[in-house]
């Protein structure tokens, strides 16, 4: 599949990104994940109270799997399913954690950034693997972090969310800044490496995908 059209859209949308300190209070925080089932994508959004992390609401939906997996263009594959989930929510979140990249992306438009622009909602990318930017590994203690840097600009963090486990690669999506990423990701982690809203979304998306095989 040719990616020229996707690439042009990313450059165009990247100009709409706003990186700013989150000033509005966060009472509800969501996690977003997408699973694959046959020829469908199963999206799931789980909304939790903040900072207590009690599960408030879950919405799952599916969309056709029309776009193959292409690194750097994940949003064009997954956003249709995510938007269907979002429409179902009764309680819209104040902040969304996304299983994917934010601005730590070759064209500054990872899944979290793309979604945030569409929804006009603060988003944070929370990825398990590195895609873009240079970094040094942080200390092994929980809360330790190092900056992700591209062309001398700080675009995110390599963040330990537990002692002696692999770090997460977090970056602003939209309407937040780098400091917000550390604050809200760490505040959403309990005893696991992955923030609770994302863990819930991953579990529910996986269950829905297995039922739809």
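Heads up, the Cβ atoms here are built off N, Cα and C, so glycines get one too.
Automated prediction, rather than curation, is the source of TrEMBL annotations.
According to TrEMBL, the features are:
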- 33, 99: Mg(2+) binding site (BINDING)
- 69: site 'Interaction with target DNA' (SITE)
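For the binding-site residues 33, 99, counting C-beta atoms within 10 A of each C-beta gives the highest total at 33. Taking only the Cα positions, the spacing between residue 99 (Mg(2+) binding site) and residue 69 (site 'Interaction with target DNA') is 15 angstrom.
Around residue 69 (site 'Interaction with target DNA'), the same-chain residues six or more apart in sequence whose CB sits under 8 Å from its CB are 77, listed in sequence order.
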